[in-house]
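Input: a single structure, listed below in structure tokens.
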Ligand SMILES: Nc1ncnc2c1ncn2[C@@H]1O[C@H](COP(=O)(O)OP(=O)(O)OP(=O)(O)O)[C@@H](O)[C@H]1O
Ligand SMILES: CC(C)(CO)[C@@H](O)C(=O)NCCC(=O)O
Ligand SMILES: [K+]
């Protein structure tokens, strides 16, 4: 059994895998890290490996506590990945994006793939059919859009994610929901049009904390899977074991 841990910018997600099957998923705060991992390992004593992808400030140190109990692997840029990295600054590419790209490459062989992760930030990552990772885009996530409008203005309230009634927002709240949610839908449709112009065919994978909310609102056919990062982490770890 493998315990995979995704340390995101806001919170931590974890999943226990038996082969390629996720047995249980967990979400928790950064301050609860060590305690929660202990609890998971008590519940799943057959875990032999702990695999981490972190974009947060959490250092390797926090996980080394568990090294006498199981194999701990902390993914870095030095690991083997199943794609050719064409990013001009490969050392600054987020580990989460590398794991997503690896998962897309392994799960959907020999085709163009676009991975969209709607988390704290929204990231777009494109891997072509020859397994070249080309790059993509980084934009503010939905919650970040609401928070920054509130934090950097005097009059805008702090709202939580809601389906807008119309693209014409007829109140402050509706105008903000339209801006955030419809704004994202237009953004993604615009990107998809760009990719379509240059690549005739590609699969789209949508993941992250807002994936389920967004999937319902998009007209393009999309494979939505909010657990894709953790599944990819498990799969990339198997790839590492087979190729090291
Ligand atoms: N309890 C919650 N805390 C934060 N975001 C939440 C919560 N519940 C739902 N969300 C939604 O999830 C989005 C954040 O996604 P996610 O949880 O994947 O971010 P994250 O943990 O920071 O990971 P990453 O850094 O990989 O994006 C927010 O835009 C928000 O709308
Ligand atoms: C873009 C985020 C914040 C998304 O989690 C992360 O992947 C990151 O910190 N990336 C570093 C910059 C880059 O990927 O080019
Ligand atoms: K993200």
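Every residue gets a Cβ built from N, Cα and C, even glycine.
Annotation source TrEMBL lists active site, proton acceptor at 96. Annotated ATP binding site per TrEMBL: 6, 7, 8, 9, 10, 11, 12, 13, 120, in sequence order. According to TrEMBL, the substrate binding site annotation covers 87, 94, 95, 96, 97, 172. Look at TrEMBL and you will find 117 tagged as K(+) binding site.
Recorded features from TrEMBL, shown on the structure.
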| residue | record | DSSP (3 states) |
| --- | --- | --- |
| 6 | ATP binding site | strand |
| 12 | ATP binding site | strand |
| 94 | substrate binding site | coil |
| 117 | K(+) binding site | strand |
| 172 | substrate binding site | helix |
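Proximity to ligand 1 (Cβ under 6 Å from any of its atoms) holds for none of the binding-site residues 12, 87, 94, 95, 97, 172. In this structure, the CA atom of residue 6 (ATP binding site) is 8 Å away from the CA atom of the residue listed as 'active site, proton acceptor'. Among the listed binding-site residues, namely 12, 95, the Cβ with the most fellow Cβ atoms inside 10 Å is that of 12. Taking only the Cα positions, the spacing between residue 97 (substrate binding site) and residue 12 (ATP binding site) is 16 angstrom. Cβ packing within 10 Å was compared across the binding-site residues 8, 94, and the lowest neighbour count falls to 94. Cβ neighbour count for residue 6 (ATP binding site): 25 (other Cβ atoms within 10 Å of its Cβ, all protein chains included). Within the same chain, residues at least six positions away from residue 87 (substrate binding site) with a Cβ under 8 Å of its Cβ are 93, 133, 134, 135. In this structure, the binding-site residues that sit close to ligand 3, with a C-beta under 6 angstroms from any of its atoms, are 117, chosen from 6, 10, 95, 97, 117, 172.
Looking only at other Cβ atoms within 10 Å, the busiest spot among the binding-site residues 10, 120, 172 turns out to be 120.
Taken over all pairs of the listed substrate-binding residues (87, 94, 95, 96, 97, 172), the Cα spread reaches a maximum of 40 Å, rounded to the nearest whole number.
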